[in-house]
Amino acid sequence: MKLTNSVKAMLWMLGAVMSFTSMAIAGREMAVELDTFEIMMYRSMIGLIIVFIIARFTGTLSTITRKRFRLHFIRNVSHFIGQNLWFYAVAIIPFAQVFAFEFSTPIWVALLAPIFLAERLTKIRLLTVVIGFVGILIVAQPGTIVISSGVIAAALCAVAFAGAYIGTKLLSKTESITCIMFWLTAIQLALGIVCAAYDGDVAMPSLATLPLIVLVACAGLFAHFCITSALKLAPVMFVSPIDFLRLPIIALIGASFYNEAINAWVIVGAIIVFSSNLLNIWGENRAKVVS
């Protein structure tokens, strides 16, 4: 039976969902032995090798240039900060809360895009930002619980990821995917080495942890490949809601294996945040049709 493009896109997105989920679990397990800088260093080391091998076999090594190195560097500093905050958060607060905050990344993109991409802050975008922030406040629950360092890290990682997204959008106008991925892994490897070695003590991964590092490195690359493949087959309005499956899946894993309580307010807040993202996508599509 021949699969339709919609079914293929759904399967690619399920691959992305499972990749992001496995990254979170592996990140928490590694946190017992490695700090976030060490995780990023080893992950980037393996990722750089993978990117180099793929570029070698696809004949795209020649597309790696230093023409826009400054933007590559700024983009990857932002992503490095976001990823470190994300790994820190998944180690100390419930998985579902981390993912709920991560869903707020498009809200920050909507706020930053007029500044860095010269895009208009339309009424629809402004409305989605307001709705999204209501959802963020519900997830954080200020005034009802103590705002921990993990909650702050999860909230800030979304801002850093938004910066990285904007950097990627600017780079994609002139740079190849191979070039972007090469500098992603190379720059973050350098940053990881510097940050991991600042105290003069770099932990070596044990034999038990090594497969988890490989998993994180491969899952990160595979997740982005899955999303790209899905978007080529189906509209973003179809693809985007599938990503929300990450939340109930990770919430069930957290409850089953880590004794994490399923917080109804986190789920409600996440739904509001995600709904604001869908509203933003709908608004963008409507604007394109009108124009």
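Using N, Cα and C of the backbone, Cβ positions are placed for all residues, glycine too.
Here the structure is a predicted model, which means the values were calculated and not measured.
What TrEMBL lists as transmembrane segment is 6-26, 46-65, 85-112, 124-140, 146-167, 179-198, 210-231, 238-258, 264-282. The feature domain 'EamA' is assigned by TrEMBL to 8-139, 149-279.
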Two-stretch contact, the transmembrane segment (6-26) and the transmembrane segment (210-231), at least three Cβ pairs under 8 Å: yes
Interface check, the transmembrane segment (238-258) with the transmembrane segment (179-198), three or more C-beta pairs under 8 A: no
Other parts of the chain folded back onto the transmembrane segment (46-65), taken as Cβ under 8 Å at six or more residues beyond its ends: 175-176, 178-179, 181-186, 189, 213-214, 217-218, 220-221
Stretch among 85-112, 179-198, 264-282 sharing the most Cβ pairs under 8 Å with the transmembrane segment (146-167): 85-112
